[in-house]
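Record features (TrEMBL):
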- 57-90: domain 'Alpha-D-phosphohexomutase alpha/beta/alpha' (DOMAIN)
- Ser67, Asp284, Asp286, Asp288: Mg(2+) binding site (BINDING)
- Ser67: active site, phosphoserine intermediate (ACT_SITE)
- 125-178: domain 'Alpha-D-phosphohexomutase alpha/beta/alpha' (DOMAIN)
- 182-291: domain 'Phosphoacetylglucosamine mutase AMG1' (DOMAIN)
- 307-459: domain 'Phosphoacetylglucosamine mutase AMG1' (DOMAIN)
- Glu389, Ala390, Asn391, Arg520, Pro521, Ser522, Gly523, Thr524, Arg529: substrate binding site (BINDING)
- 490-549: domain 'Alpha-D-phosphohexomutase C-terminal' (DOMAIN)
Amino acid sequence: MNDNQKSLILKSSSQYPLPQGVKLSYGTAGFRADASILESTVFRVGILAALRSLKTQSLTGLMITASHNKVTDNGVKIADPSGGMLTQEWEPFADAIANSPTPQHFVQLIDEFVKKENIRFDGVRSAKILLGRDTRPSGESLLEAAKQGVYSIVGATGIDMGILTTPQLHWMVRARNKDMKATELDYFEQLSSSFRFLVDLTPNQIKMSKTDDKLIVDGANGVGGEKLEVLKKMLNSMDIEIRNSGKEGGVLNEGVGADYVQKEKVVPQGFHLKDVGIRCASLDGDADRLVYFSVQSNNTSKIDLVDGDKILSLFALFIKEQLSILKMEGDDHVDENYEARLGVVQTAYANGASTDYLRQLGLEVVFTPTGVKYLHEKAAEYDIGIYFEANGHGTILFSESFLTWLNARNNELSSKSKGSEQQKAVLRLLAVSNLINQAVGDALSGLLLVEAILQYKGWSIYNWSELYHDLPSRQLKVKVVDRTAVVTANAETVVVRPPLIQEAINVEVAKYPQGRSFIRPSGTEEVIRVYAEASIQEAADSLANSVAKLADQFLGFGNSG
């Protein structure tokens with residue numbers, strides 16, 4: 001960096017001093033904290049986004065959101081040129097600059113990093129960053145801090161895209177870097193046209209009953225409800241009622257939203273007895289998570305939850321069916337034996353019943369450590385990679401080579417056997433690739449894909465829910481002296497250190513039918529997380545308590561006696 005650039009950063013960063021005693025780390029969700037202490041962090045991430053754009057010679061994104069956190073929190077994260085999350089290699093630098101104590105130290109850190117990464121300030125392209133925020137009241141002033149950060153880099157441009165869902169911003173970054181049109185209207189048009197196309201390919205004999213047509217969506221009093229209102233107008237064939245859209249005066253994520261519904265397994269605010277029998281869905285605060293549920297007829301506060309594992313299972317079943325139709329053909333052509341690799345990616349938190357179901361379908365199921373960045377990376381290794389966490393965050397990735405093959409196959413079938421079942425299967429897969437958001441998990445695109453598949457199969461939410469029955473589970477946490485003392489392997493399912501604890505866990509697990517348990521260090525607090533499941537709830541609770549005692553004996557303060 002030249003002296004002019006250094007002095008510009010020094011001058012602007014002096015206006016955003018780091019609050020005393022604040023220490024933040026860049027996780028899967030970027031930086032998150034109480035909004036009142038975030039201005040300096042967001043300013044610095046504005047600079048980081050501009051440096052990332054210069055390094056990659058591509059457009060990047062910056063989103064201000066705290067997703068499913070309470071309304072007084074906020075956060076900031078970067079969208080890489082692929083539309084995915086910031087590359088993990090840059091996370092330590094993000095931590096370093098966010099916690100840099102003085103403007104002078106901050107400038108020095110940037111200067112050293114720019115040299116190490118060989119970032120050119122005289123390149124062909126100057127930095128360009130798309131900026132978005134959710135509906136939080138603190139978003140406006142934090143967006144201004146982000147802009148000041150961006151403008152501290154000479155020649156950098158920040159394009160304010162206004163209030164968006166997080167997945168919309170990621171989608172726009174990915175699309176623009178592929179030289180596609182990428183306004184918010186383009187996003188809505190791609191989703192709605194792909195959905196209509198997919199629904200038009202539903203077999204004629206299948207028709208859902210009138211009672212199954214209606215969908216009620218809980219918008220978490222956030223940005224998702226607002227955007228679904230726009231999308232609904234473009235989908236006049238769908239009967240969608242949106243509650244908790246944020247207009248009725250409810251509080252963001254308070255007693256509403258996908259995170260609340262999935263964890264508490266109770267109805268969100270605004271749902272009641274007259275909703276029994278109707279298909280319901282919940283978005284989270286920034287619309288990157290989705291779960292479905294139905295209100296129980298015998299208890300108006302309890303729900304039957306259809307979580308991310310079941311969404312994944314529905315998607316995997318549908319895609320496997322389409323690939324099977326493709327294989328049934330008898331035509332002679334060069335690519336007849338093209339074997340698309342379909343992979344399903346889960347974490348150890350996926351319910352064991354879902355994993356068993358997927359394997360019984362003959363699917364390849366692999367595990368990664370907890371965290372979307374690990375799931376996404378693994379899913380990208382397949383022709384079609386599907387990943388979902390139980391919390392409702394996930395998507396489907398299609399490889400470029402497979403999409404090229406599908407398009408060629410479609411052209412071939414158009415000339416030989418137009419309108420055949422094989423061609424319809426090809427068109428369905430292409431429609432899914434356009435409907436699902438391949439940058440990140442997206443509650444709106446996921447919701448439309450669920451609705452299209454339920455129509456295709458003629459299923460109610462009850463048919464879907466009956467795919468398999470979840471094994472009862474329990475999650476606990478144990479306070480420990482040092483969570484880093486736990487080292488795991490095999491996608492966090494086995495403890496390597498400290499020695500002997502894994503053997504002790506195995507002894508406990510063996511006592512219970514369908515028993516499974518693992519421990520892993522928290523990524524955010526000084527605790528060890530315990531997960532256990534078994535054939536009945538009492539057994540899952542008992543196993544979780546036994547393993548929690550072991551964690552306390554080996555790593556904690558010995559409170560469990």
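Numbering starts at 1 and runs along the chain as displayed.
Cβ coordinates come from backbone N, Cα and C, glycine included.
Please treat TrEMBL annotations as automatic predictions, because they have not gone through curation.
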Considering only the binding-site residues Glu389, Asn391, Gly523, Arg529, which residue has the minimal Cα-Cα separation from Asp284 (Mg(2+) binding site)?
Asn391
Where, among 125-178, 307-459, 490-549, do we find the most CB pairs under 8 A to the domain 'Alpha-D-phosphohexomutase alpha/beta/alpha' (57-90)?
125-178
What is the average pLDDT across the domain 'Phosphoacetylglucosamine mutase AMG1' (182-291)?
92
Distance from Asp288 (Mg(2+) binding site) back to Asn391 (substrate binding site), taken between C-alpha atoms, in Å:
10
Within its own chain, what residues at least 6 apart in sequence put their Cβ under 8 Å from the Cβ of Gly523 (substrate binding site), listed in sequence order?
Gly27, Thr28, Thr370, Gly371
Taking the Cα atoms as reference points, how far is Glu389 (substrate binding site) from Asp286 (Mg(2+) binding site) in Å?
17
Could you tell me which of these binding-site residues, Ser67, Asn391, has the fewest other Cβ atoms within 10 Å of its Cβ?
Asn391
Of these binding-site residues, Asp286, Asp288, Glu389, which scores lowest on Cβ atoms within 10 Å?
Glu389
Can you tell me the CA-to-CA distance separating Asp286 (Mg(2+) binding site) and Arg529 (substrate binding site), as a whole number of Å?
26
Which residues, sitting 6 or more apart from Arg529 (substrate binding site) on the same chain, put a CB under 8 Å from its CB?
Gln475, Leu476, Lys477, Ile519, Arg520, Pro521, Ser522
Please list, in sequence order, every residue of the chain apart from Ser67, Asp284, Asp286, Asp288 whose Cβ lies within 8 Å of the Cβ centroid of the Mg(2+) site.
Thr65, His68, Asp134, Thr165, Thr166, Gly222, Gly224, Ala258, Leu283, Gly285, Ala287, Arg289, His393, Ala443
To which of the binding-site residues Asp284, Pro521 does the lowest count of other Cβ atoms within 10 Å belong?
Pro521
